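Here's what TrEMBL has on this protein:
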- 27-188: domain 'Sulfotransferase' (DOMAIN)
- Arg41, Ser49, Lys166, Gly167, Arg168, Thr169, His170: 3'-phosphoadenylyl sulfate binding site (BINDING)
- Cys149-Cys161: disulfide bond (DISULFID)
Amino acid sequence: MPRTLEGQITMEKTPSYFVTKEAPARISSMSKGTKLIVVVRDPVTRAISDYTQTLSKKPDIPTFESLTFKNRTTGLIDTSWSAIQIGIYAKHLENWLLYFPIGQILFVSGERLISDPAGELGRVQDFLGLKRIITDKHFYFNKTKGFPCLKKAEGSSKPHCLGKTKGRTHPDIDQEVVQRLRDFYRPFNMKDEVMYLTRKGGCEQQPGPVDISCSLGLQY
Ligand SMILES: Nc1ncnc2c1ncn2[C@@H]1O[C@H](COP(=O)(O)OS(=O)(=O)O)[C@@H](OP(=O)(O)O)[C@H]1O
């Protein structure tokens with residue numbers, strides 16, 4: 001990490017942090033006050049997006065449907081497949097709550113980043129204690145891309161959309177498999193846990209390893 005000067009915020013983005021077992025302890029030992037931002041989206045769409053990325057690099061991989069199940073007849077889901085495993089958000093969150101209070105973590109909605117990017121970035125700016133500089137004025141909806149884009153990229157006067165690797169068309173997935181995955185993920189939805197811990201407050205004051213029983217809301 002570069003040294004952070006007075007008045008600066010150092011930011012680091014790595015998609016795999018949230019699901020890496022060692023990450024919370026390491027980040028906490030570096031700086032207990034680190035603010036954490038997690039972008040989450042519907043875990044089923046996330047899994048399909050993940051699969052779409054892999055498919056673009058390895059077009060010969062098996063179908064999404066066949067990778068989803070350990071045994072299609074019994075309907076047993078292959079939780080060791082990373083595309084599925086990453087979306088078990090509540091399990092990953094548990095590791096972070098051992099080291100960081102819930103108030104130090106902001107969950108950003110991947111869906112709202114698309115439908116209302118300025119609104120979602122408003123929440124990020126508030127969380128970081130920044131003035132709301134980024135607003136609606138900075139975005140426009142690009143019909144060709146099908147996503148919001150920046151009216152002006154940083155240091156340029158030209159519009160800027162994310163690259164070709166973001167916003168790919170997803171393959172059609174068997175709706176029965178989609179439904180089966182929705183049912184699978186339901187208990188791992190973080191909403192209830194986060195609301196519970198935020199209201200409860202008891203687990204919030206002390207960064208550092210906490211008694212996980214403090215996070216009683218985490219019941220599966
Ligand atoms: N403005 C804009 N333009 C394009 N894409 C957008 C945008 N905002 C959010 N998204 C969504 O971001 C998804 C890609 O993010 P990733 O999770 O792959 O990114 S990363 O791994 O964290 O770098 C990507 O997922 P896919 O649609 O599956 O490609 C998009 O849904």
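Glycine too: its Cβ is placed from the backbone N, Cα and C atoms.
Taking the features listed in TrEMBL, we show where each one sits on the structure.
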{"residue": "Arg41", "record": "3'-phosphoadenylyl sulfate binding site", "Cβ within 10 Å": "17"}
{"residue": "Ser49", "record": "3'-phosphoadenylyl sulfate binding site", "Cβ within 10 Å": "17"}
{"residue": "Cys149", "record": "disulfide bond", "Cβ within 10 Å": "17"}
{"residue": "Cys161", "record": "disulfide bond", "Cβ within 10 Å": "17"}
{"residue": "Lys166", "record": "3'-phosphoadenylyl sulfate binding site", "Cβ within 10 Å": "11"}
{"residue": "Gly167", "record": "3'-phosphoadenylyl sulfate binding site", "Cβ within 10 Å": "15"}
{"residue": "Arg168", "record": "3'-phosphoadenylyl sulfate binding site", "Cβ within 10 Å": "12"}
{"residue": "Thr169", "record": "3'-phosphoadenylyl sulfate binding site", "Cβ within 10 Å": "7"}
{"residue": "His170", "record": "3'-phosphoadenylyl sulfate binding site", "Cβ within 10 Å": "13"}
Neighbourhood of ligand 1 - binding-site residues from Arg41, Arg168, Thr169 with Cβ under 6 Å: Arg168
Distance in Å spanning the most remote Cα pair of Arg41, Ser49, Lys166, Gly167, Arg168, Thr169, His170, given for 3'-phosphoadenylyl sulfate: 16
In three-state DSSP terms, the structure that Ser49 (3'-phosphoadenylyl sulfate binding site) belongs to: helix
Cα-to-Cα gap, Gly167 (3'-phosphoadenylyl sulfate binding site) vs Cys161 (disulfide bond), nearest whole Å: 10
Whole-number Å value for how far Cys161 (disulfide bond) lies from Ser49 (3'-phosphoadenylyl sulfate binding site) (Cα to Cα): 18
Residue pair Arg168 (3'-phosphoadenylyl sulfate binding site), Cys161 (disulfide bond) - Cα distance, angstrom, rounded: 13
